[in-house]
Amino acid sequence: MARVSENLSEKMKALEVALSSIEKRFGKGAVMPLKAVETVEVETIPTGSISLDIATGVGGIPKGRITEIFGVESSGKTTLALHVIAEAQKRGGVAVFIDAEHALDPKYAKKLGVDVDNLYISQPDYGEQALEIAESLINSGAVDVIVVDSVAALVPKDELEGEMGEAQVGKQARLMSQALRKLKGAVHRSNTALIFINQIREKIGVMFGNPETTPGGRALKFFSDMRLEVRRLGDVKEGGEKKGYRVKVRVVKNKLAPPFQEAEFDVIYGEGICRICDIIDTAANLGVITKSGSWYSYGEKRLGQGREQAKKYLLEHPEMLEEIERKVREVSGLVRPDTENSVGEKSE
């Protein structure tokens, strides 16, 4: 027993010498006991969908982390990202949209609630330029959310300047790998939410297993703290007319909460995510609103027969809608975002 104690004492002395040397070279706090590290709750930006906020387990898109939103074309990826930007701006945050696809529609963004007059946009010519711009903005510490749309459009400069049909094997994957190694630490230090929008492609000749993959290599999958898969389920109709589409978002990777949670919500053409519909559906699933047959009720008050009637009633009674949303957040364990506590304020 005495020998064990003596060995432990010698180890601690050796550790103290090593820590002292490290501190001189790299500064105080380079290595420290875990108990000395202050635990800071991760700040988040709401997604515009309360069901998706719940599915993420932390209340939205995490700041100081990298998030990938991927899916097939026209599934609602950019719409979701624009809602995140709108929510950040409502809370005093600064947002940047790096439009590598050169396809952002300011009129559509405005309809989703984005303050286009205060949205910063970049339309880079090639992939390296886009990622260097993102790095500079992140290092400034002044930006709350950066959206890169999309990874598939981050074409390396060599490929753009090369001949048509010339083989450019793995250049984009190497570009993403090099960039993400630099961006990961910078994102954490600046507390910026970095969102990459990505597409789904199919591998050629895959007979077994999932043939679907995303461009840009494996680096983004590895460095992302959260990955959201967006799927379009079907059309939303009203009186036989198509008004929008139903979306399912699956959290396929989550380093902050249990993964594989799912959320479904409606996206209305020209309006974006139907917030009231989402609140009604989520409240009904959690028992905040009761559904008897086709009737929706909140407490003793009948809201209407069918979701459209309930939606109409809550539009006319916004104070009740606010109360229902608050109860949904309480029941689900989410803290209601306080618009007075700006996400634009950087943590010390």
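Placement of Cβ uses the backbone N, Cα and C atoms for every residue, glycine included.
Note that the structure is a prediction, hence the values are computed from the model and not measured.
Classification of E73 (ATP binding site) by DSSP places it in coil, neither helical nor stranded. Summarising the annotation, Swiss-Prot assigns ATP binding site to G71, V72, E73, S74, S75, G76, K77, T78.
Other than G71, V72, E73, S74, S75, G76, K77, T78, the residues of this chain whose Cβ falls within 8 Å of the Cβ centroid of the ATP site are, in sequence order, V230, R232. Listed in sequence order, I69, F70, G71, S150, I197, N198, V230 are the same-chain residues six or more apart from K77 (ATP binding site) with CB atoms under 8 A from its CB. Look at the Cβ of each of the binding-site residues S74, T78 and count the other Cβ atoms within 10 Å; the largest number goes with T78. The Cβ of E73 (ATP binding site) has Q199 as same-chain neighbours under 8 Å, each 6 or more residues away in sequence.
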